[in-house]
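Step one of this worksheet: look at the structure below.
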Amino acid sequence: MTHVAPSTQRKPALIFSLMAQEPLKLKRKFNVFLPLALIVLFGFWAFILTTTTFNQLDPTERDPRSLTLNMVQLGSLMLPLLIGSYSLVISSIDRKNRMLTRLQSLGTSAREIMLIKSVWVSLVAFFGIAAVILATVQASSSFNVPVLGNQLVVVIFALLVETVALVPLFLHLALRLKHPGWVVGIALIGSVLGSAGHMIPQTVAIFTPFTLAGALSPVGVQEDSLLDHVLSLSDLGIVIVVALVVATLSIVVVPRRFQDEL
């Protein structure tokens with residue numbers, strides 16, 4: 001019996017319904033604890049890093065710009081690992097249950113499957129970013145060192161832009177590649193690059209999806225000193241364009257159909 005694709009009017013309702021049902025697939029799936037553990041780990045890491053660093057310094061030597069740098073480094077280190085791991089978790093569940101075939105038989109395209117999953121992967125990434133930032137702010141408050149508000153806004157913006165690029169990229173890889181080792185390897189490489197993004201020349205970092213946050217870091221390092229990095233509108237524009245290009249290509253070049261495990 002041939003399945004009839006849903007009408008155009010029913011398609012948005014179907015997508016929203018599938019989007020709402022996505023978390024139900026995680027019930028009793030222990031591998032979902034990996035991304036949750038990463039969120040807790042990086043939040044704890046941010047707290048300990050701030051506390052340890054400021055404990056070793058005199059009050060007059062505690063530079064609030066170091067908080068900005070810590071958030072950029074840890075955030076860029078975390079995002080490829082967090083987004084890559086959660087993309088693998090949800091794609092592996094669908095493969096094992098042959099859900100990709102079922103969804104596509106209902107008329108759901110490969111791009112729509114990516115859209116459904118991208119909402120939840122992005123949400124997990126947002127929780128990770130929030131954990132790093134809130135832990136840093138909480139730790140610094142005990143030393144009466146405020147996070148610089150204008151720099152915090154830039155850091156949040158930079159990490160969100162990097163998320164826009166990485167979510168479609170890792171979902172594409174996780175859904176298309178049957179061997180998870182490739183995704184894990186790319187996530188590890190991206191994580192290392194991201195943590196060093198603020199040290200890579202901006203002309204290079206600004207064009208790499210893993211180092212977009214580092215390219216927009218309002219604080220840089222020169223030898224052992226911290227220095228302010230003044231951003232221009234062209235810097236912001238290029239980073240946004242690069243993120244959108246990476247995201248668009250990740251969506252456009254998906255195969256017509258994703259394959260389940262054989």
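Glycine is no exception: its Cβ is also placed from the backbone N, Cα and C atoms.
What TrEMBL says about a protein is an automatic prediction, not a curated fact.
If you look up TrEMBL, you'll see 32-54, 74-93, 114-140, 152-175, 182-200, 236-254 marked as transmembrane segment.
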Tertiary contacts of the transmembrane segment (182-200), as residues 6+ beyond its ends and Cβ separation under 8 Å: 69, 72-81, 83-85, 87-88, 162, 166, 170, 173-174, 208-215, 217, 219-221
Outside the transmembrane segment (152-175), six or more residues from its ends: residues with CB under 8 Å to it: 68, 71-72, 75-76, 79-80, 83-84, 87-88, 90-92, 100, 110, 113-114, 117-118, 121-122, 125-126, 129, 133, 182-183, 186-187, 190, 194, 209-210, 212-213, 215-218, 231, 239-240, 242-244, 246-247, 250-251, 253-254, 258
Surrounding residues of the transmembrane segment (32-54) on its own chain - C-beta under 8 Å, 6+ positions past either end: 26, 62, 66-67, 70-71, 74, 77-78, 81-82, 85-86, 89, 124, 127-128, 131-136, 138-140, 142-143, 145
